[in-house]
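Participant: First the structure, which I've put down as structure tokens, then a few questions once you've had a look.
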Amino acid sequence: MRRVLKDEYDVLVVGAGPGGSMASYYASKHGAKTLLVEKSQEIGEPVRCAEAVPKLEEFHITPSEEFVRSYIKGGYLIAPNGKKIVVRGGKTEGYVVERKIFDKYLAIRSASLGTKIAVKSRVVDLYPCEDGFKVKVVHLGEEYTVKTKIVIAADGVESSVGEMAGLKCKKNPMEVCSCAEYEMTGVKLLDKHMMEFYFGDLSPKGYAWIFPKGDTANVGLGVIDRGKKAIEYLNEFLEHPILEGRLKDATPVEFKCGGVPVGGPIERTVDDNIMVVGDAAGQVSPLTGGGIYLAMSCGSIAGEVAAKAVKRGDYSMETLMEYERRWRERFYNTLITELKYKRILQRLGERELNIIAEVMEDNLEEIDVKEILFKVIKRAPSLLKYFKDVVA
Amino acid sequence: MRVNYERCGYCGACVGVCKDMALELIENRIVIYEERCRRCKGCIIVCPLKALEE
């Protein structure tokens with residue numbers, strides 16, 4: 001470990017979540033000498049999320065039973081009045097994984113291509129030097145200065161590393177969803193392959209969820225609220241009549257909490273010798289709060305671009321902008337559209353949500369927002385005021 | 001700003017909104033650098049557990 005921190009690198013990735021492990025994987029794969037730095041003493045810990053991940057085949061990762069706990073075919077969207085809408089197939093398919101094992105698996109996969117890893121190693125500062133950054137890392141109370149050509153900041157919601165380098169990564173508190181979750185056993189699920197999403201006053205400006213996870217289920221919620229706390233909403237949700245007693249015999253085996261940046265991507269994710277990836281970059285679906293797919297995709301691009309820059313011997317912002325261009329090309333429009341929908345959804349009360357649920361088909365393959373809105377406005381013209389940005 | 005360590009779930013949400021870089025999460029302990037804090041209270045808002053107080 002100490003030896004690893006005394007060396008020099010082409011690429012130094014901060015944070016061994018899915019974004020950081022994918023970034024380091026592709027950096028190593030394309031020949032860059034890469035160090036992955038994780039501040040926790042255990043990769044994958046603490047878990048801060050509901051553990052749903054997309055189909056992994058796209059990333060050439062086999063969904064091994066080592067970490068997959070449930071196969072997900074779709075989800076129920078549940079309105080305040082209890083009406084259930086079933087969405088199946090397409091993007092709703094995926095897995096609920098054991099993140100502690102999944103994250104470690106991805107780090108091991110990266111290490112197998114030559115990535116060196118330092119755990120219990122915290123980045124406390126970095127400053128530019130000719131040709132790169134000097135990164136100060138504290139490990140077991142001792143400070144090391146590690147020289148690198150490129151830094152990839154994948155330090156998650158905390159978003160400190162990019163900020164240290166002068167990029168604006170910190171989020172607005174009203175754009176961060178506060179989440180609390182119990183992983184419980186003994187939950188009576190609607191269907192062991194379907195996720196459940198609950199909307200309305202039980203979780204203002206967010207939603208509550210029950211995700212099947214093998215012998216357990218993740219029961220949690222995310223809210224944006226200046227007054228009442230996520231944990232208080234969660235304790236009420238556990239006894240909410242909409243669940244019809246399905247948690248009566250359930251008991252927790254783990255508690256998790258976290259903040260999810262749902263305000264869209266940060267202004268700029270690249271500067272000379274640095275790229276920002278994942279939650280730190282605001283690469284999170286504003287509508288679902290899902291971040292793993294985006295972090296893995298954008299991390300892969302960042303790793304590739306970093307290795308290419310190393311080969312070229314040019315780590316300037318202009319060269320690294322390829323990362324920003326490529327991830328924006330793939331995801332920016334979707335993120336901005338979702339942001340718009342989210343803002344509408346957040347303004348709707350239970351009455352409006354019930355009307356929307358009422359006009360929606362019970363079974364959907366895909367959510368066609370425009371079609372739904374057309375029906376909603378036909379049924380309740382007074383709701384037009386909420387949707388004028390989208391319909392126009 | 002004070003952390004109630006009995007309540008804190010060390011999720012780092014507060015760190016992510018602290019533009020003054022006055023908060024850091026070290027393993028399972030939130031550390032406050034009082035001299036940097038400008039009392040914006042963003043951290044209090046995002047904390048899921050009411051672990052931060054003035």
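Glycine is treated like the rest: Cβ placed from N, Cα and C.
Annotations per TrEMBL:
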BINDING   A:G19, A:E38, A:C49, A:A50, A:A52, A:R99, A:V123, A:D279, A:G291, A:I292  FAD binding site
DOMAIN    A:177-259  domain 'Digeranylgeranylglycerophospholipid reductase catalytic'
Participant: Can you check how the pLDDT averages out over the domain 'Digeranylgeranylglycerophospholipid reductase catalytic' (A:177-259)?
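Facilitator: Taking every residue in the domain 'Digeranylgeranylglycerophospholipid reductase catalytic' (A:177-259) and averaging pLDDT yields 97.
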Participant: What three-state class does DSSP give A:G19 (FAD binding site)?
Facilitator: helix
Participant: Per residue, counting other C-beta atoms within 10 angstroms of the C-beta, which of the binding-site residues A:G19, A:G291 reaches the highest number?
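Facilitator: Ranked by Cβ atoms within 10 Å, first place goes to A:G19.
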Participant: Among A:G19, A:E38, A:C49, A:A50, A:A52, A:R99, A:V123, A:D279, A:G291, A:I292, the annotated FAD contacts, find the widest CA pair distance and round it to a whole Å.
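Facilitator: The widest Cα-Cα gap among those binding residues is 28 Å.
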Participant: Count up the helix, strand and coil residues in the domain 'Digeranylgeranylglycerophospholipid reductase catalytic' (A:177-259) according to DSSP, in that order.
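Facilitator: Summed by class, the stretch gives 11 helix, 38 strand, 34 coil.
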Participant: Are there any residues at least 6 positions away along the chain from A:C49 (FAD binding site) with a Cβ closer than 8 Å to its Cβ? List them or say none.
Facilitator: A:R99, A:C179, A:K256, A:G258, A:V260, A:G291, A:I292
Participant: Among the binding-site residues A:A52, A:V123, which residue has its Cβ surrounded by the fewest other Cβ atoms within 10 Å?
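Facilitator: With the binding-site residues A:A52, A:V123, fewest surrounding Cβ atoms within 10 Å: A:V123.
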